[in-house]
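Just below is one structure, and these are the notes that go with it.
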Amino acid sequence: MAYLLHAQLFLLTTFILVLNMRLCPVLGHFLGGIEKSSMEEEGASEALNYAVNEYNEKNSDLYLSRVVEVKDVQKQVVAGTKFFFDVILGKTICLKTQGDLTNCPLNEEADQQEHEFCSFVVHDIPWENYIVLLSSSCHSI
């Protein structure tokens, strides 16, 4: 008799677990797996700004680039958060020596409108005040 009770409890527990995973997709994700995110995610905006600043520092262009469009954002919860960004960057009229992108308009001249599709991976550990650009790749579009 005790065996039947244990079997019924096991089946009921399994049923509830499966039901929870179907109704709550977050439980269905693998721990540490890459999942869809958005720019509203805590830390995403800062991570993308960091990636663009690093991009501007390291490229050989005279002018700053800034984000024209965010195509995709994904995240992976590790020790901190890894953000995966796919964005379109556009050249601005601001020289790198100006350094501030806040009031920097895009170059609107037809022959100067250069855009790049870029993928950035940023690892952010806010409680350690640590952020690093792990990878970046860009190509003209």
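Heads up, the Cβ atoms here are built off N, Cα and C, so glycines get one too.
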Quiz item: Swiss-Prot tags one of 76-80, 81-85, 121-125, 126-130 as motif 'Secondary area of contact' - which one?
Solution: 76-80
Quiz item: Of the candidates CYS104, CYS118, which does Swiss-Prot name as forming a disulfide with CYS138?
Solution: CYS118
Practice problem: Report, as a single number, how many Cβ atoms besides its own are within 10 Å of the Cβ of CYS138 (disulfide bond). | Solution: 16
Quiz prompt | Fewest other Cβ within 10 angstroms of its own Cβ, chosen from the disulfide-bonded residues CYS94, CYS104, CYS118 | solution = CYS104
Quiz item: So of all those disulfide-bonded residues, CYS104, CYS118, CYS138, which one's Cα sits nearest to GLY32 (site 'Reactive site')?
Solution: CYS118
